[in-house]
Amino acid sequence: MKQYKDLCRHVLEHGEKKGDRTGTGTISTFGYQMRFHLQEGFPMLTTKKLHFKSIAHELLWFLKGDTNVRYLQENGVRIWNEWADENGELGPVYGSQWRSWRGADGETIDQISRLIEDIKTNPNSRRLIVSAWNVGEIDKMALPPCHCLFQFYVSDGKLSCQLYQRSADVFLGVPFNIASYALLTMMIAHVTGLEPGEFIHTFGDVHIYQNHIEQVNLQLTRDVRPLPKLRFAREIDSIFNFAFEDFIIEDYDPHPHIKGAVSV
């Protein structure tokens, strides 16, 4: 995708060397935005092969409200293993905040259910927001949320989503995040009777780890190929009824996978 290659070039050309929590070191910039028109194809990177199974199962895991890696491991997904404790627990991470946010008065709020109801009944609302940044529980999380807040917007029968990501690993994380939130937007559009609009990806600290520079430069030498298409295998009326088998990716023809170490 041209938008992704432009992001890589921007960070390499304008970023500054910074230390970071992991000790790896980064080239970092602050503030950047990409836009993807979902009618033009499913924005899954073609300059390297992505593991769609991991993207889809992680999103389904979030939507279940699950915070234990057991479900992921049972489905061949290992992307959260490094942060889990000996029992597979991660603390109140994304799934917990999306589905059972704990308010100050002890009330539990299902943000996803509330969001979908609001899209159906009050599509012009400016409060179509889900937040994973629960300040009162951050210290209990294995990893504070990187993609921490997203908002929906309905216009002309189309549903658009804007994500704010406070911290973005350009090589490993960002390609997953793009595809994940594009998929979520398409799923919510489907169950609310809307068409997919745009996915808008807004970054805070967007960085390339020092040990990923070679891989990023390799991607920049590769041509951008046509985007794949994503469709659903059946009609589904609830966001919580989707299964992995419902996602059909067509015409995905990426360049080969590129390995890169995760900084923990």
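Heads up, residue numbers simply count up from 1 along the chain you see.
Quick reminder: no glycine exception, Cβ is built from N, Cα and C everywhere.
Some features that Swiss-Prot has for this protein:
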- Arg21, Arg126, Arg127, Arg166, Ser167, Ala168, Asp169, Asn177, His207, Ile208, Tyr209: dUMP binding site (BINDING)
- His51, Asp169, Ser263: (6R)-5,10-methylene-5,6,7,8-tetrahydrofolate binding site (BINDING)
- Cys146: active site, nucleophile (ACT_SITE)
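Recorded features from Swiss-Prot, shown on the structure.
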| residue | record | Cβ contacts under 8 Å, 6 or more apart |
| --- | --- | --- |
| Arg21 | dUMP binding site | none |
| His51 | (6R)-5,10-methylene-5,6,7,8-tetrahydrofolate binding site | none |
| Arg127 | dUMP binding site | Asp118 |
| Cys146 | active site, nucleophile | Gln165, Arg166, Ser167, Ala168, Asp169, Gly173, Asn177 |
| His207 | dUMP binding site | Val11, Gly15, Lys18, Asp20, Thr26, Ile27, Ser28, Thr29, Ser167, Ala168, Asp169, Val170 |
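Minimal Cβ crowding within 10 Å, among the binding-site residues Ser167, Asp169, Tyr209, is found at Ser167. For the dUMP site, whose annotated binding residues are Arg21, Arg126, Arg127, Arg166, Ser167, Ala168, Asp169, Asn177, His207, Ile208, Tyr209, the maximal Cα to Cα separation is 36 Å. Reduced to three states, the DSSP call for His51 ((6R)-5,10-methylene-5,6,7,8-tetrahydrofolate binding site) is coil.
Following the DSSP three-state reduction, the secondary structure of Ser167 (dUMP binding site) is strand.
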